[in-house]
Amino acid sequence: MSDIDVLLQETRTFPPSEEFRAGAWVRDNALREAAAADPVGFWAKESEALDWMTPWSTALEWEPPRAKWFQGGTLNASVNCIDRHVHGPRRNKAALIWEGEPGDRRTFTYWDLYREVNLAANMLKKLGVGRGDRVAIYLPMIPEAVIAMLACARIGAIHTVVFGGFAPESLRDRINDCGCKLLITADGGSRRGQMVPLKRNADVALKECPSIENVLVVMRRRSGVGDETFAEMQEGRDHWWHRLKRQVPRYCEPEAMDAEDVLFVLYTSGTTGKPKGIVHTTGGFLTGVATTTKYTFDLKEEDVYWCTADIGWITGHSYLVYGPLANGATCVMYEGAPDWPDKDRFWQICERYGVTILYTAPTAIRAFMKWGTEYVKKHDLSQLRVLGSVGEPINPEAWMWYHEHIGDFQCPIVDTWWQTETGAIMITPLPGVTTTKPGSATVPFPGIRTALLDANANELTVGGGLLAITHPWPSMLRTIWGDDQRYVDTYFSKWPGRPDLYFPGDGAKLDEDGYLWILGRVDDVLNVSGHRIGTMEVESALVDHPSVAEAAVVGKHHDLKGQAIAAFVTLRAGFTASGSLRDELRDHVAQKIGALARPDDILFSADLPKTRSGKIMRRLLRDIAEGRALGDTTTLADPSVVASLKDQYEAQES
């Protein structure tokens, strides 16, 4: 692969304020420099912040592409997230502040969480679940989802969380691939005022899941206290959570788990092919997420921290559950949609609980931009002090909007790059020391080594190329469940003869200051007249125009240029699609990054096809632009969007 052309230049910079720097955990480059000199030593030292039942003897064994961290050590994830806080001054500190979509609220102190997790762990044991057994968790965003994860960890069972929005087929495939013994689900969940029939979906899936012996059902929807009429229960197999809880002891002894014992398996959403069961281990994963939570968000004892991600994604695992709770944080958890019952729901929650750290996705930020600032201005967001972005690269203009309208120019923005496979944040600013640039994830986290390479593994010092991680890290995936060869082929075979190089599948560019800019999946790179252009740059140029809320670009076949650029655009409130605006946007891109990147086609749309985790599905947009039959749409949040786009595009072409 040739290098990726770098077209978009960003010169705006934002250093941390002296006031923020003075109070930050990391306020100079000493930590980063020490970690760069000795990454293993850095992670070894950070692992000491955890409570170990048996101290580890060897920090790292590395036989590429296989890493083992903290060999000889034993620990328990639930002890690190709960017990150690209960036995200290955080006993009565709020651990979890939960708000349901209908407006119901529950708060759990660390002591409350401790009691609930012990009871849940004993429920699992009563149903025959033990160390090494797999438990599927198919729940809405309710506290029992967190409790179930920690209960599994307490007894050494391996949890695999399945996003509550997935259809029965997706649930079935994940249960069967992992060989789950127990399913934990709910009678339903709330989404935009409608009840999602989780138990009914689960029953459909379980018709083809021979490994499931028992089902534990949480009562979420009810017309009155104790109303069990919403779910059909199968005698002998299905058990109500609230009933079983009354039948078990209050204390459950935590299992001593080896550092390399599996903590959980999480399936990537699998937009193509069979979903991959990413395997994460106890000691390394906990070390990675606890350390990155503390330093990336500058997490302090008094913070109220809200990661808006669903529990079904890695961000929910790492930065709603394990990372913050290992640090003894107060976490906000919300069940519903950001625009229900109105478009200010997020800001209402931020104001109500005095949220100080907000971690959300670019797709949400672009939606807020599209809706306008009137919803933000209704609320006092002055408690916010750190803003985070996760899930995909953030366009510079969305970054600036976030900085101005949510952060009031006062809050550092940590634009984080990482993956399900990496387990924890890999590239990010540190808010007390890093000068940020809109759209750049900046530099690797301390203890992480990255490089920009060409197709022959030659290192590039500036410009565009392939992102590689060149050194093992504690929270890295260990394998793909049941398919170790796929692990090697997918992540460690990009550069033949170099099994030490992890390839995440992303292109990136390095600027003159050594900052990294993620250009998107290498599969999405455009090839226009021999020039390789990252989709991110063209999309950012479009979003830079005041009329555009969100944009996605793909390549389509062109007889002369190889590929032409097709853009799909949603407009901000107050703007109307027209031929003149289409021409204006094409000229704007040409002016911003060059005539080479001028889109050939622009289609205005009310929405873009996205996965349930909010990522734009460019594969389907390519199908539309090329006039092909649509590929697999099962992971779409709203399949009607892509059908409507296809009709629109075909009408415009004709």
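FYI, residue positions are counted from 1 along the chain as it appears here.
For all residues, glycine too, the Cβ spot is worked out from N, Cα and C.
Note that this is a predicted model, so its numbers are computed, not measured.
Annotation comment: Swiss-Prot describes ARG191, ARG192, GLY193, GLN194, THR315, SER529 as CoA binding site, evidence class sequence analysis. Applying an 8 A CB threshold to same-chain residues 6 or more apart, the list for GLN194 (CoA binding site) is empty.
If you look up Swiss-Prot, you'll see GLY391, GLU392, PRO393, ASP415, THR416, TRP417, TRP418, GLN419, THR420, ASP506, ARG521, ARG532 marked as ATP binding site, on the strength of sequence analysis. Cβ-based neighbour count (10 Å, all protein chains) for ARG521 (ATP binding site) stands at 18.
The annotation Mg(2+) binding site is assigned in Swiss-Prot to VAL543, HIS545, VAL548. Taking the Cβ of VAL543 (Mg(2+) binding site) as reference, residues of its chain lying under 8 Å away and at least six apart in sequence are, in sequence order, ARG366, ASN395, PRO396, GLU397, ALA398, ALA549, GLU550, ALA551. In the three-state DSSP classification, VAL543 (Mg(2+) binding site) falls within a helix.
Annotated N6-acetyllysine per Swiss-Prot: LYS615, in sequence order. DSSP classifies LYS615 (N6-acetyllysine) as coil under the three-state reduction.
Here the C-alpha separation of THR420 (ATP binding site) and THR315 (CoA binding site) works out to 8 Å.
With a cut-off of 8 Å between CB atoms and residues at least 6 apart in sequence, the same chain places LEU560, LYS561, GLY562, LEU596 near SER529 (CoA binding site), listed in sequence order. Its own atom aside, the Cβ of LYS615 (N6-acetyllysine) has 19 Cβ atoms within 10 angstroms in the protein chains shown.
ARG191 (CoA binding site) sits 19 Å from LYS615 (N6-acetyllysine), taking the CA atoms of both as reference points.
Cβ crowding, taken as the number of other Cβ atoms within 10 Å, peaks at HIS545 among the binding-site residues ARG191, ARG192, HIS545.
In sequence order, THR296, GLY388, SER389, VAL390, ILE425, ILE427, THR428, ALA441 are the residues near THR416 (ATP binding site), counting only same-chain partners six or more apart with C-beta under 8 A. Cα spacing between THR315 (CoA binding site) and GLY391 (ATP binding site): 8 Å, rounded to the nearest whole number.
With a cut-off of 8 Å between CB atoms and residues at least 6 apart in sequence, the same chain places PRO362, ASP415, TRP417, GLY439, ALA441, TRP517, ILE518, LEU519, GLY520, MET536 near PRO393 (ATP binding site), listed in sequence order. Excluding VAL543, HIS545, VAL548 themselves, the residues of that chain whose CB lies within 8 A of the CB mean position for the Mg(2+) site are, in sequence, GLU397, ALA541, LEU542, ASP544, PRO546, SER547, ALA549, ALA551, VAL569, LEU585, HIS588.
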